[in-house]
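Notes follow the structure.
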Amino acid sequence: MSSPGTSMFTNFTKLCKGLALVLVVGHVVVQFIPATVTYLALIPARTIPFAWNLITSGYFELSVHGVVFSTVSLLFMGKFLEPVWGSKEFLKFIFVVNFLTYLCVFVTAIALYYITRLEIYLYMPFAGFHGVLAGLLVGIKQIIPDQEVLLLKIKAKWLPSIMLVLSIASSFFTVNSAAYLPTLIFGTYMGWLYLRYFQRRPETKLRGDPSDDFAFSTIFPEFLRPIIDPIASIFHRMLCGRSNATSEAHGYSTSGYSTSGAPLPGSDSAEASRRRERGARALEERLATERLVPPRNKDELQSDALDSV
């Protein structure tokens, strides 16, 4: 019978192991062939014509501690998210969030150059998986918001805000904060944006999570929400105005109700509650399996439990 301490560091998914290997290999390549940074990292002045660095920049780390932190975080968060989302959706989330994050970083760097005329914003290399990790924290908040994180004893719903506060605070004491802070901020927002509006839900054939419990302001403490809500509503109208008009033209509104007042399937807080219950149930079954099932049968029973989610 395997001990909980041992099983906590095992049973990582094959997809996450593969992605972790990509991060490690990318770091090794950069260390042995430093010139590859010019072609793989996001350097705003060279993004045109090297546009592929909007994608490649997220899949390698420039430092040893960066690659260690990214691989470990990916493996552990993937254990919770991939069984609930599915491997295809998990991989799609990583690709989309990574691309959108570095696209926003590129636009921000160009804007800062024109405002300040400092060439450092044009030639600073941006790279790392931490933007995707910030987005995955939002996914953890979505599926198991009230679950306490092991050792930290902090509810999962506060992880994104704690990460942002610590990152912003540390930026005042570090020299290269511009290399990672925009990536973390945009990664958090793009992760939420994808889950809020675009993630496909096979059980309802709808997209996104329109529940009030997953509004952008819920990432932050309650005293900040009156400030964040008006700003978030502006971006909502900018990004979703056309889709809102189309939905209302077909008899639906973005509030989660039809124009006749009937609630839409999967769009109210009940659907959000069911999603959280599935996430919590998957977590509980995984932990129970790791504690009680002998090693030779663990993989088989765990697969059955996750298939039933």
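Note: Cβ is positioned from N, Cα and C throughout, glycine not excepted.
Residues or ranges marked as transmembrane segment by TrEMBL: 20-42, 62-81, 93-115, 121-144, 156-173, 179-197. Summarising the annotation, TrEMBL assigns region 'Disordered' to 250-309. Under the heading compositional bias 'Low complexity', TrEMBL lists 251-261. Residues or ranges marked as compositional bias 'Basic and acidic residues' in TrEMBL: 271-289.
When the stretches 20-42, 93-115, 121-144 are ranked by Cβ pairs under 8 Å to the transmembrane segment (62-81), first place goes to 121-144. The listed stretches are 93-115, 121-144, 156-173; of these, 121-144 has the most Cβ pairs under 8 Å to the transmembrane segment (20-42). Cβ atoms under 8 Å from those of the transmembrane segment (121-144) belong to residues 23, 37, 40-45, 57-62, 66, 69-70, 73-74, 77-78, 80-81, 84-85, 93-94, 97-98, 101-102, 105, 109-110, 112-113, 156-160, 163-164, 178-180, 182-188, 190-192, 194-195, 209, 214, 219, 275-276, 278-280, 283 of the same chain, restricted to positions at least 6 beyond its ends. Residues 134, 137-138, 140-141, 144-149, 180-181, 184-185, 188, 218-221 of the same chain sit 6 or more residues outside the transmembrane segment (156-173) yet have a Cβ under 8 Å from a Cβ within it.
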